[in-house]
Amino acid sequence: MAGGRIRAKFRRSNLYTFACLRPTTTESGEPESLQGPGFSRIVHCNQPNLHKKKPLRYCSNSISTTRYNIITFLPKAFFEQFRRVANIYFLVAAICSLFSISPFTPTSMIAPLVFVLGVSMTKEAIEDWHRFIQDVKVNSRKALVHKGGGVYGNKQWRNLRVGDIIKVEKDKFFPADLLLLSSSYEDGLCYVETMNLDGETNLKVKRSLEVTLGLDSDESFKDFKGIIRCEDPNPSLYTFVGNFEYERQVFPLDPGQILLRDSKLRNTAFIYGAVIFTGHDSKVMQNSTKSPSKRSGIERKMDRIIYVLLSALLGISVISSIGFYIQTKYQMPDWWYLLPQSATTCYDPNKAVASGFCHFVTAFMLYGYLIPISLYVSIEMVKFFQAIFINRDIDMYDDVSGTPAQARTSNLNEELGQVDTILSDKTGTLTCNQMDFLKCSIAGTAYGLKSSEVEVAAAKQIAIDLEQEEDVIFGPTRLGESEIELESIVTPMEGEGNKKVLKGFGFEDSRLMDGNWIREPKAKDILLFLRILAVCHTAIPEINEETNEITYEAESPDEIAFLVAAREFGFEFFRRNQSSIYVREGYPSSENPVEREYKILNLLDFTSKRKRMSVIVRDEDGQVFLLCKGADSIIFDRLAKNGRAYEEATTKHLNEYGESGLRTLALAYKRLDEVEYNAWNNEFVKAKTSIGGDREAILERLSDMMERNLVLVGATAVEDKLQKGVPQCIDKLAQAGLKIWVLTGDKMETAINIGFSCSLLRQGMRQICISITNSEILAQDAQKAIKENILLQITNALQMVKLEKDPHAAFALIIDGKTLTYVLEDDMKSQFLGLAVDCASVICCRVSPKQKALVTRLVKEGTGKTTLAIGDGANDVGMIQEADIGVGISGVEGMQAVMASDFAIAQFRFLEKLLVVHGHWCYKRIAQMICYFFYKNIAFGLTFLYFEAVTAFSGQSIYNDWYMILFNVFVTSLPVISLGVFEQDVSSEICLQFPALYQQGPRNLFFDWYRILGWMGNGLVASAIIFIFNVAFFCSQSFRSGGQTADMMTVGTTMFTCIVWVVNCQIALTMSHFTWIQHAFIWGSIGFWYLFLLIYGMVSPSYTGNVYKILPEVLGPAPSYWMVTLLVTVTCNLLYFSHIAIQRCFRPMDHHVIQEIKYYKKDIQDKIMWTREKSKARQETKIGFTARVEAKMRQLKGRLHKKHLSINSPRMFSTSPS
C-alpha cells in the first residue's frame, strides 16, 4: 500500500525521546566478556550447519504440550492407573487368583482389571492425541528462511535451527527468539505486539544495531556471517545479556534488539532476524511448566475412602482367618466326614496357623466386592458423556467464531463445581482489545450521552431490584414509576439500529457532531481539545488505495480511538512526514475542510513512569504550543494557577467516568514564547545527543520542566471494550460465592480501569496498593529494607481491614510485579495471602508468566481450596497448568492457552454456565454416584461375610460366579451411569436464577464424611436385612409344596434377587430428574436379571450346576420367593425413604425448597414469594454490578420509605380527632 511505501522512508526513531535510546560502544564502554556458567551460548548467524553437532547443537524448534509420547505412554499411563489404590488391590487379587487358594477363577479376576485399565488408558490416549494434533498445527506453520545465495524459502517451524536467518512479514508471529538485524524502516526500528507474552496490547518499539542496518534486502544476506555470544536459556522476558561479533568488532546486545517467540510483528512491513533460542529454549517456553497430571479433589478423597474400605477388608479378613483357625484346630478333627487326616496344608488341623494364613488370602479375595472395581471405569464413562454434553451445549457456542466449548480432559468435570477462586488474565480474556471513544469533558461541560456497558447492566439491575422491592414492601399495586427518579440512562433507540457501527467510536451527542460544536458557548476550548486529539500522538495513517479510506496504526489502541473520534468531529489526521503532521480540519466550516500543517518540533513520548506524552508543535501562524495528554493525577499536578478554571468540574466528570468503568485521560496545553522555547530546546538537543549514563535523567528533568504551568482543556473517557457479557458473568459468579483475581501484564492504571469496567472495583471501595515506592531504597539495593517496607504496608493494611466496623465496606488489593517478587518469598507470602483473602477483589499487574503461575500456586496451596485459572495467551500457560482447573480462551491470538488447558471456551461469559450449571451438575452427579457405588458394594459384599460366619468360615461363596460378574457389569452398572449422566436436582435455568446453589460444591455438602459414612451405614443395614430375612425364611421351613428345603444355590439366588431389587429401587429414590432412559436402565436391569436366570438356567447342568432351570422350576412357583423379595425391598428402602422425607420436612436443603416450589407451581402462583426466594439465593458479595446496585438501592430505599411516610402522613392527620 501507499502508506507502506511512505513508512519505508520514514525514520521513526527521530520521534522518540525515551523509547529508542540506542547505546553505542563508546557510550557503554567495552562489551562485557561473557564467560562462565549461564553465558555459554554461541550462535553462528547464517551458518546453521555448525549447530548440527555438539557442543553447539541445541534443541529443535519443535514444541510439545502432550503428557505422553510413544515411549513413555505405557509406563506413565500404568503409573497413573496404579496411583489409584483400588487398582493395586485388584492387581494383587488377580495375581493371587492364579493359585489354588483363590475362591474365584483367574479369568473372573483378571478380565475385569484388564477391561478397567484398558478403558481408562484408551481415554487418556485419545485426549493426549488431541493435544498432539494441536502441537502439530503449531509446529507445521511456515517461516521464510534464508537458504543461501540471498534466496529465501518456506520452512516449517519445527525445522528451524539456531543460526537461521528469518524474514518475518507484517502481522506474522515470530517462530523463535530472534536477534533483530534490520527492518523495513531505514533506522531498523519495528513494532512488536507482546500480548501473548505479557498481556499488553500496547506495541513495543524494538531497534536493531546500527552496524546491521544495511542488511535490508534478501540479497544482502548472501555473504553475511556473525557470532552471538549470550546468556543461556532462561525464563526472564525482560532481560537479555549478550555480544554480537561482526566485521571484527564486538557490539553489546540488550532486550531492545530481541524479538521473542509468539510475539507478533505490527506496523512494520518486514524484519530480518537471526535465530538465537529455539523450541523449549525460547523464553516463552521457559515460562511454561510441564503439562501436569491433574486429579480432582473427589478422586483424591475417593482414594482415602478406598483406604478405609481396604482397612475394613483387612480387618474382616483377619477376623475370618482367626475364625477359620479356631474351627480348623479345635473342631475339624471331629468332622470325620471332611477327612481331616488327609487334608492339604490349607485344611490341616495340625497346621492350623498355616491354614489360617491360607484362609486370610482366600478371604481377602472373597470379600473384595467391598472394593468396587467397576467404580473407576464407570466414572470414566460418566465423565466422558458429561464432556460430550459440555461440548455440545448450544449456550456455550460462539456464533462469531463458530467455536463450541471443549472439555479437553474429562478428569476434572466435578472439580468445576467446587471452585473457590478464579484467577483471570485481562487482555483477550476479559477485554476484546478494542477501545471506543465514548464521552468527554471539555471546558467543564460533559459531552456524550451513550452509556457504557457497566452503566447499562447496572441500570437494568436497579430497575429489576427496585420493582422487586416495591412488590415486597407495597404489594403488587406499586407507587407510580414517576415517583422514583432514577439516573437517566440513554441507550440507542430502535430506529438507530441501522446506524453504521464505527470501530473505535461509540460517541453520541449532537452538540459536537456534524460541526455543531462551533455553536457551543466555549467553541475555542473545543477547537483546542479537538486539535490535541488530532495532533498529540505517534500514529501512522494508512491509505487504502482501492477505497481511499484512512486507517491508523499506533502503539496503543487508545490513540486509534482518539484519532477516529477527531476525524468524526471533523479533524482528520491524514498524513505525516519526518517533521510535520497534516490535519484536514472542518473549521471554520465543516462543509469545506481546510488542510493544515503542524510542524513537530519535539515529541516527549509516553512511558509507564511518566504517565503522559507531549508534543511541541508550530502552527501555520507561527505560534508554538505544547499539547499534552496523560493521567489526570499527573496533569493536575502540573497545571498553572490560571489553568485550573475547569478543574473542579472536570474532576467531577472524571469520577463519574471512572464509576462507569471508563479509561480516562486529561488534556492540557501551554502556549510557548519563542525565546523561552529556543532556550529550552538548545538544552534538550544537547542532552539528547550527549554521551553518558545520566542522559535519560537529564532528559526527564528537562521534559518535566517544560511540562509545567499547563492549562486544562478537558478529559477523554474511552471504553476498553469488554468481551460480551463479562460484567454480567462476573456478577453472577460473585453471587455464586466465587472470588475473582485478575493477573495481568498491563500497567497498574490500565488494570485499575478494567477493574472498574468489569465491576471488580467501584467507587467507595478502598484500594490497598502494595508497591515499592521509596526510590532511595531501590537505589541502595537494600533488600532487607525493601522487604521491611513491603511487610509494613501489608501489616498496616491487614490491621485496617480487621478494624473496619462498616459491614458494607469493601477493600481491593492492587499489587505490581516488582513487589510480588518479594511478596512471593517464603517469609512473606502467608501474610500477603491473608490480606488478599480478606479483600473483596485482588488485581496483580505487571506480572510475568512465571509470577502468574506462582501466585496461582500460592492461592491453591495456601487456601487448600479449588482454583481455576483462565487466559487466552502463551503468557497464561503457566497459571493454567498450575491451577486445579485450567480454562483456555480460544481467541484470535494463537492457541497456546487452549493447548495447555483442561477446558476451552470461546468467550469469558461462557464460564458462567460452565461453572454454575455444568459444574454444579457434574459435582452432584459424581458425588452421588460414588456414594451409591460404595453403598451397593457394601450391601452386596457384606453378605459374603455373614454367610462365612454361619458356614464355619469355609471360604465358600453363596453366589454363582456369573452372578458376581453380572452384579457390577450389567444389573447395577447402567442405572448408576444414568445417575451420573442425566441427574439434575434443578434445571439449568434455575441454576442461573439461584447462583447460591453453587456453594453446595465448594462446601462439599454431597461428599463429606458425614454423607459418605451415612451411605456406608445404609449399605451395612441393607446387607444385614437382606441376609437375615432370607436365612429366616429358608432356614427352618420347607421351601416348596413337596416339603423340600432350599439348597445353597436357591438361597443365594433369592438373596441376589433381593440385592438387585433393593439397590435399583434405592437409586430410583435417589434421583430427582427422570427421563425414559433412567426408567429403561433401572427397570430394564431388574428385568435383565430375570431374563438371565431364565436363559442361563436353560444351559446344560454340566455348566450351570444347581442353577439349571432354577427360575421356572424352583423359584418361580414358590410364593415365598416373591414374598421375601417384596418384603426385603420395601424394608430396606423404607429407612432411606423415611430419612429423606424427614429431611425435606424439617431440615430441607436449598434445592429441596426450589423443587417443592416448582412442583406445586408456586413460582407462577405467588410471584412475590418467588422473587423473595431468588433474592435470598445471592451470596452476599462486594464485587460485581449487583454490589454497585445494592449501594444505590440503600439510598433508594431510604427515599422510598420517606416517600411512603409522606403519603401516609396526611391520612393520619385527617383521621385524628380535632
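Just so you know, glycine gets a Cβ as well, placed from its N, Cα and C.
Among the features that TrEMBL reports, active site, 4-aspartylphosphate intermediate is placed at Asp425.
If you look up TrEMBL, you'll see 43-110 marked as domain 'P-type ATPase N-terminal'. Across the domain 'P-type ATPase N-terminal' (43-110), the prediction's mean pLDDT works out to 82.
The domain 'P-type ATPase C-terminal' annotation in TrEMBL covers 898-1148.
Residues annotated as transmembrane segment in TrEMBL: 85-103 (among others).
Here the transmembrane segment (305-326) has Cβ contacts under 8 Å with residues 84-86, 89, 352-353, 355-357, 359-360, 363-364, 367-368, 370-371, 930, 934, 945, 948-949, 952-955, 1012 of the same chain, all six or more residues outside its ends. Annotated transmembrane segment per TrEMBL: 305-326 (among others), in sequence order.
Residues or ranges marked as transmembrane segment in TrEMBL: 352-377 (among others). Sequence-distant neighbours of the transmembrane segment (352-377) (same chain, 6+ residues past either end, Cβ-Cβ under 8 Å): 84, 86-87, 89-90, 93, 96-97, 101-104, 109, 112-113, 115-116, 119-120, 302, 306, 309-310, 312-314, 316-318, 320-322, 324-325, 328-329, 345-346, 930, 933-934, 936-938, 940-942, 944-945, 948, 953, 955, 957, 964, 967-969, 973.
Look at TrEMBL and you will find 933-956 (among others) tagged as transmembrane segment.
Proximity of distant same-chain residues to the transmembrane segment (962-982), defined by a Cβ-Cβ separation under 8 Å and at least 6 residues beyond the stretch ends, is recorded for 104, 108, 112, 369, 372-374, 378-379, 381-382, 385-386, 389, 925-926, 928-929, 932-933, 936, 940, 1052-1053, 1056, 1059-1060, 1063-1064, 1067-1068, 1070-1071, 1073, 1075, 1077-1078, 1081-1082, 1084-1086, 1088-1089, 1092, 1096. The transmembrane segment annotation in TrEMBL covers 962-982 (among others).
Sequence-remote contacts of a segment are chain residues at least 6 beyond its ends whose Cβ falls under 8 Å from one of its Cβ atoms, and for the transmembrane segment (1012-1034) they are 305, 931-932, 934-943, 946-947, 950, 1045-1046, 1050-1051, 1054-1055, 1058-1059, 1062-1063, 1066, 1120, 1123-1124, 1127-1128, 1131-1132, 1135-1136. Feature annotation from TrEMBL assigns transmembrane segment to 1012-1034 (among others).
Marked as transmembrane segment by TrEMBL: 1046-1069 (among others).
What TrEMBL records for 1081-1099 (among others) is transmembrane segment.
Under the heading transmembrane segment, TrEMBL lists 1119-1137 (among others).
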Please report the number of other Cβ atoms within 10 Å of the Cβ of Asp425 (active site, 4-aspartylphosphate intermediate).
29
Surrounding residues of the transmembrane segment (1046-1069) on its own chain - C-beta under 8 Å, 6+ positions past either end:
932, 935-936, 939-940, 943, 956, 958-960, 963, 967, 971-972, 975-976, 979, 1018, 1022, 1026-1027, 1029-1031, 1034, 1039, 1078, 1082-1083, 1085-1086, 1089, 1093, 1105-1107, 1110, 1114-1115, 1121, 1124-1125, 1128-1129, 1132-1133, 1136-1137, 1140
